[in-house]
Every structure is written in structure tokens, then in C-alpha cells.
């Protein structure tokens, strides 16, 4: 971290040596978290939030103090935002977006959505994100950046395309060419929601599009967002599909094969009865079938020839 400070700070190694060799360092100030008052207008409230972020300062150390995973549920990200207010450490652009969502919760008239930029400068690509704001027919933004004109914008832009083009013009001042713009959906005002933030519902390759086409796509997307017709992609995730010929239920044990109903019963009780009758002229042996059993067997045979168990 100190090596990074020596490379990026104007005073180089001198400021790092002065801090590390100091016997006593002043206790860092902890800025108070802004509280909304009924007498404040929405622009004044947004300005108070941005002032609080500036008091936290931008993190130039090269080390990110708070872990932000974009796929986490909103409730987990709000817990990270509460940790930011407790620790009062410097933040970067992504942390500022999460903190801005946390501080604007409870204001249903203020719609929040992420805006991401991918730019190119001197052979390298850079990524930046701010929190877009829509309220009372006007657009603006909250955020943090090394450049003062690449973070917050006042709530004065009539259309979403005007806000995006303002950021694009600001990038041109620093010789950055904007390659892609990604815009997410409105973030719900429920801090305990398990729904993740939709970061890139609309992706525009602005470097290969005319401004008129970019404006047309942005205005169509902004209109759909205001009408609340767009849904997060997680809401359309398909369930577990059943493959053909296979069941999703657990397999049952294969039952033992049933005994053939028409199999011949060799038990002694079903052997034919033999009766010997004596005639006047001599001895004759006659085999007499069990008539009762025979009739019962015939009564339980169906038309195919199988015996039915009753």
C-alpha cells in the first residue's frame, strides 16, 4: 500500500515517510451520517448525501477496504453500507453506489439505478460506476471519483440521454473515449430484500453508434423503466427442467415380480381325488376330478385366460 502511495501521491515517498515516522497521529475525524428532515427538499437531501461521501474522501491507497460482490442480495449489501458508516474509511465508486442506495432508502419518490462506463485511454480500459437518480421528471447522479465532474450531477437533466451525454463530454476532457454504457434497473426501497441489484439491463456499444441512435435507445429504456414494465433477469430464471423420460421424484425400490396367477399349484390340497369303485364284474379304477374346485377355477378366469385373485 505504501508503495502505491509513493507512486500516485504528488509528494511521493516524503508523505509516506512522514506518516510512518510520526510518533503521534491525529485521530481521524468521523463525519456524522446525514439525517433527512421534513423541511429539506429532495435536491437538498441528495446534496447532503454527496457532501457526506466527500467527507469520507476517495480511497487513493490502492486497497479496497470493503468487499462488494455485485451478485449479493440487497440485504447483504445494505449491511456492508452500515459498516461503511461505522468505520468512516475512504471509499471508491462502487462503494459509493452502495452507500448512496443505503442513504436514499425510505424515499419512494427517488428512483435509483446504476450506470456503468467502460472507457479507453492510452491503450488501457477503465471502468467506472455511478448511481443514477430520477425524481420529479429530472435525472441526476451520486458517486465518487478522482475527477469532480465524473461523480455527482445535479438533479436538472430532463432526459436520461442528456445525463449520459454529460458524462461522455466530461470524459473527453481527460482524453477518455467511452466504449460502453451499461444501465441497470430501479433498485427497490426494501433494505431486507433478497433480490440482487440488476447492474446491466441495457448495454450500449456507444463507440459504434450514432448519438441519435444512442438517444433513441436510452429514451425507450427510460420510458419502460418509468412504466415499471422491465423485470430483472433473475425473475425470469427457469426452474429445474425435467429431462425426457426421467422423473424428478426419487426412485422407488423395484418391486419383486408378481407370481404368475395362472401358474399350476402343486400343493397336495389341489391334487385330483381318486376313488376306487368295485363293480359286480370286477375291479375298476375311476379318476374323479374335484368338481367344486374346477368350477371355482373357471369362475376366476377372465377372457384372456388369466386367473383373477379374489
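Glycine too: its Cβ is placed from the backbone N, Cα and C atoms.
Whatever TrEMBL says is automated annotation, not expert-curated.
As the structure is a computational prediction, the values presented were derived from the model and not from experiment.
Per TrEMBL, active site is recorded for 93, 128, 145. Residues annotated as compositional bias 'Basic residues' in TrEMBL: 245-254. Sequence annotations record features per position, and here TrEMBL assigns compositional bias 'Basic and acidic residues' to 264-274. Positions annotated as region 'Disordered' by TrEMBL: 228-287.
Note: the Cα of residue 145 (active site) and the Cα of residue 128 (active site) are spaced 8 Å from each other.
Straight-line distance linking the Cα atoms of residue 128 (active site) and residue 93 (active site), rounded to a whole number, equals 7 Å.
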